[in-house]
Amino acid sequence: MDINLFKLCSGLKVLGYFMILLVAAIIAVSYYAVVVITCGPQLLRGGVHSFFGFSIIILFHILLVMLVWSYVMVVFWDPGSVPENWRSVSVSSSSSSGVNLEAGTSSQSLDNVGPDARGPSRSVGFCDRCQNGKPPRCHHCSVCQRCVLKMDHHCVWVVNCVGARNYKFYQVLGQSQRNHSSSPANLAIVFLAFVINLAFALSLLCFIVMHSSLVSSNTTSIEKNMLQVYEKKRTVRWKYDLGRKKNFEQVFGTNKALWFFPLFSKEDSDSIPALHGLDFPTC
């Protein structure tokens, strides 16, 4: 009997639902430790203690709203699906000045790496499993069992892929806290919240550094790994690298007021094709 290992990958979604409950539990413990145990009692002391306690509570709630808002958007927002029977309006010619890992300059198409490998291909590929067209920078996710536009990776913490249409939301996550207590039980809760949040803060810091590098070069995690292999053989420029400013705008948009909020302006949605994940300007 043939067993499709990639079908088994979809079982990771079940683990993801537990991860969502774990995140909710961590937020609840952190809220209790910061607001109820640490800062709440300071409001009753009056004077400078009440002022600092109130300030920390306000700041905590602002960060909490941003955290929950961004997290919900990453979980429920579609990262970008290929329209049924999609075909490119026009097949772009290979760039002679930049790296084209999707066709032409490489003997292996980046968009067809892995189980979808088809050897040398056009700039617009075809997914054997989805039986559909495959836009540039699109990859098939074995967990979601579908192609995702400008796929970066599948995140088990959000039970969703991170792709063209929710990558910005993924970038805006964060949290903070403080420590004070009286009883041993409360001290244990605060200490637990501190350790958990410290571990998450350090891991998120690593993600921030890594994804800042990806945004500045206009690459995804998948593309970065392939480029590192390819650049050992030949030093050339990535064809989607438009310069740091333009690369940043390809993810966050041009409206500075909305850069650190998990949403886009209508003007950016209409004027930046990369936000939709089907077309990308090249250098």
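Backbone N, Cα and C atoms are what each Cβ position is placed from, and that goes for glycine too.
Keep in mind the model is a prediction, meaning the values are calculated, not measured.
TrEMBL lists 14-39 (among others) with the feature transmembrane segment.
Here TrEMBL flags 51-77 (among others) as transmembrane segment.
Positions annotated as region 'Disordered' by TrEMBL: 96-117.
For 126-171, the entry in TrEMBL reads domain 'Palmitoyltransferase DHHC'.
Among the features that TrEMBL reports, transmembrane segment is placed at 187-210 (among others).
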For the transmembrane segment (51-77), sequence-distant contacts whose Cβ falls under 8 Å of one of its Cβ atoms, 6 or more beyond its ends: 20, 23, 27, 31, 34-35, 38-43, 45, 155, 158-160, 162, 165-166, 169-170, 172-178, 260-263
Helix, strand and coil counts within the domain 'Palmitoyltransferase DHHC' (126-171) (DSSP): 5 helix, 17 strand, 24 coil
